[in-house]
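Q: Let me begin by handing over the structure; questions about it come next.
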């Protein structure tokens with residue numbers, strides 16, 4: 001009983017307010033008070049109410065809100081609510097960060113995180129059970145292609161829950177920029193039908209103006225072996241390279257190349273032999289584009305690590321041996337320049353396919369979607385792990401639906417211009433799903449397995465390890481606040497359901513690939529949660545951010561090849577040009593590379609989300625320490641990059657987005 005002061009804060013976006021009446025209730029441990037339809041959150045900012053309550057509520061547990069339908073119906077975005085009154089000991093904070101739609105009642109819990117076993121009086125039990133029942137109806141598993149990890153249900157972005165949709169600033173930027181670029185493509189692309197590429201320099205016609213300094217450098221130096229090798233360490237796709245433990249079985253060295261065999265064995269013994277094997281592409285059915293057959297191959301590249309850190313190619317095999325056929329040609333740096341260049345271009349085109357499909361789409365986007373859907377289906381908003389993870393799911397479901405509907409759909413961008421389109425791309429994703437091991441998502445394990453931990457010139461490896469460690473410490477500090485022992489982890493039924501939902505359901509029996517089915521200790525929980533956050537942030541950033549740099553110059557990453565791999569080393573520049581994408585294919589590749597690879601104006605850097613899901617000083621102190629450690633890493637990378645010929649910034653915390661949004 002007594003007077004309560006209630007502050008309700010509407011979101012900052014233009015359309016966050018609503019003229020519709022909102023009914024409020026205060027729910028305490030001893031009762032519930034209906035405050036009536038006193039709230040009309042028409043504008044951004046704060047609305048304050050002072051209300052006399054005749055019911056003894058005791059400790060406040062929840063704020064309930066119901067938005068009634070009006071003449072002009074509009075959704076309302078509520079950021080948070082605070083309540084101060086009898087027995088509250090100051091303001092009580094109720095984080096919401098949710099859209100409230102017509103005739104919908106939502107319950108917002110006080111911001112203190114609680115595991116189900118912490119609620120000893122079962123005060124929140126029926127609310128968290130109801131929340132999860134509603135969420136499981138709202139967030140259902142879908143199916144895109146057989147054999148692929150599961151997406152959220154829904155054919156278009158309009159099928160998604162309102163909270164997973166773009167806010168208007170993101171929606172406007174995405175839609176306006178896409179329309180602008182497509183308009184430009186329509187105008188310039190029409191002329192490409194009558195323009196032919198006569199020489200490699202003709203691709204400068206579509207090289208974007210005002211692009212990055214690194215893209216300019218690549219255009220100037222793309223033929224150099226050192227830059228070719230560097231890309232396996234620190235380029236757009238650093239996920240394929242591994243140190244050789246033996247010479248690959250597929251590498252058949254003919255007797256007349258004894259010197260090469262000797263050199264390879266010498267590097268192998270010294271521990272300086274590395275390989276990039278594209279066998280995942282072997283046998284993939286290539287696309288047919290405008291009645292023209294395209295081509296796909298599965299190269300193998302052997303490289304040596306020089307004492308100065310350069311990674312130089314030693315030999316390229318463009319496809320595995322075929323039974324009953326002569327051993328495939330081996331291309332060497334000493335071959336005629338055009339033959340060696342064409343072999344490297346074939347490798348770069350193959351790397352484009354695996355980068356975009358395996359490293360970027362599957363390991364970045366689709367994996368993050370599995371984690372986000374499973375979390376929404378399994379953990380109530382009161383749960384500490386939900387509060388820890390929820391900022392890292394922003395916009396992921398919508399951007400993934402847009403990708404499935406426009407990039408890898410039937411008649412999408414892959415079908416129109418990419419050599420693995422029209423079904424080959426799905427085949428690659430299905431094959432790559434078998435490679436989704438738990439260890440491969442944890443950089444300390446992945447880099448150890450690939451033999452890259454001690455490679456000082458692998459800036460990706462250095463930064464991935466450092467970022468993983470910072471995220472890991474953040475997770476450990478947060479977990480220690482809520483789980484005092486390993487037994488606390490074992491005894492959390494919601495946590496165990498969440499882990500199983502990710503592994504067994506979302507990842508299609510991921511336990512067969514090392515993912516845990518249950519969590520038995522704090523250490524195991526911390527590693528799993530760290531993996532989730534790193535996947536949604538650093539893992540995606542390392543695959544996404546290099547696109548504009550490394551693919552702006554089309555010969556360094558052609559989306560398709562229009563001639564089969566060479567069968568001799570008698571190669572001319574015309575042979576190379578005839579094998580490369582047409583000018584129209586190249587322009588469309590450049591259009592979407594520029595659109596997706598550009599710096600995002602609506603961007604939240606890792607750890608700098610403004611939403612506060614936790615109440616109390618301790619979680620806020622943990623987040624602040626996380627931000628401080630990220631800032632130190634930022635400065636140290638700035639110092640390092642200032643002395644480098646080729647700076648590496650894809651895992652610089654200020655450049656890593658807090659979730660998968662593009």
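The backbone N, Cα and C atoms fix where each Cβ goes, and this holds for glycine too.
Any TrEMBL annotation is an automated prediction that lacks curation.
Pasting the relevant annotations from TrEMBL:
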BINDING   17, 75  Ca(2+) binding site
BINDING   360, 365, 540, 662  Fe cation binding site
DOMAIN    2-114  domain 'PLAT'
DOMAIN    114-662  domain 'Lipoxygenase'
SITE      99  site 'Essential for stabilizing binding to COTL1'
Q: What are the helix, strand and coil residue counts for the domain 'PLAT' (2-114) according to DSSP?
A: 0 helix, 66 strand, 47 coil
Q: Compute the C-alpha separation of residue 17 (Ca(2+) binding site) from residue 540 (Fe cation binding site), stating it in Å without decimals.
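A: Roughly 33 Å, rounded to the nearest whole number.
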Q: Excluding 360, 365, 540, 662, which residues of the same chain place their Cβ within 8 Å of the centroid of the Cβ atoms of the recorded Fe cation site?
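A: Everything else in range on the chain: 361, 364, 368, 399, 543, 544, 660.
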Q: Do any residues at least six apart in sequence from residue 540 (Fe cation binding site), in the same chain, have a Cβ closer than 8 Å to its Cβ, and if so which, in order?
A: 360, 364, 365, 368, 657, 660
Q: If one measures from the C-alpha of residue 75 (Ca(2+) binding site) to the C-alpha of residue 99 (site 'Essential for stabilizing binding to COTL1'), what distance in angstrom results, rounded to a whole number?
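A: Residue 99 (site 'Essential for stabilizing binding to COTL1') has its Cα 7 Å from the Cα of residue 75 (Ca(2+) binding site).
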Q: Counting across all protein chains shown, how many other Cβ atoms sit within 10 Å of the Cβ of residue 360 (Fe cation binding site)?
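A: So the Cβ neighbour count for residue 360 (Fe cation binding site) comes to 24.
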Q: Whole-number Å distance between the CA of residue 662 (Fe cation binding site) and the CA of residue 99 (site 'Essential for stabilizing binding to COTL1')?
A: 22
Q: Do you know the mean pLDDT across the domain 'Lipoxygenase' (114-662)?
A: 95
Q: Identify, in sequence order, the residues in the chain of residue 99 (site 'Essential for stabilizing binding to COTL1') that are 6 or more apart from it along the sequence and have a CB within less than 8 Å of its CB; answer 'none' if there are none.
A: 75, 76, 77, 78, 162, 163
